[in-house]
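*Asks:* So that we are looking at the same thing, I have put the structure below in structure tokens.
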Amino acid sequence: MDPGTEEYELNGDLRPGSPGSPDASPPRWGLRNRPINVNHYANKKSAAESMLDIALLMANASQLKAVVEQGNEFAFFVPLVVLISISLVLQIGVGVLLIFLVKYDLNNPAKHAKLDFLNNLATGLVFIIVVVNIFITAFGVQKPVMDVAPRQ
């Protein structure tokens, strides 16, 4: 018995064209049936997260500008400046963390524990950023509406 026959016997009938073989079904979405490149997937995911982080960073910078323009007379000036500053610092930290996550090779089993820790850390920091931004939204950054009509 040759090794090729044993493989077919152990795994079922996987000869090209047989039912259930990768060659029997047409590829979905025009792609070939091949294993997922984990590094490529992780890099795309990190790039998407980085873009969202940049968008939130820009929004927080705009909010900080609006709060500073309102000045000290705004009721929630200090809490908003502190919360927005915390959010900005955490976002920069997550951005740097994502750069390190993209840098490492996921196929190296020796680095799996470190990558898992960094990924969990990034997820935790993103959760904290979301909570901080919920409070920023609750305090509000909009300018108060001024009465146009004179009071009598």
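Residue positions begin at 1 at the first shown residue.
Yeah, the Cβs are placed from backbone N, Cα and C, and that goes for glycine too.
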*Asks:* State the residue range annotated as region 'Helix alpha1' by Swiss-Prot; the candidates are 44-55, 116-127, 140-151.
*Replies:* 44-55
*Asks:* With DSSP as the yardstick, break the region 'Required to induce plasma membrane rupture' (40-69) down into helix, strand and coil residue counts.
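*Replies:* Summed over the region 'Required to induce plasma membrane rupture' (40-69), the classes give 30 helix, 0 strand, 0 coil.
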*Asks:* Only counting partners 6 or more residues apart, tell me which same-chain residues put their Cβ under 8 Å from the Cβ of Asn60 (N-linked glycosylation site).
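*Replies:* Residues satisfying the criterion: Ile84, Ser87, Leu88, Gln91, Asn133, Ile136.
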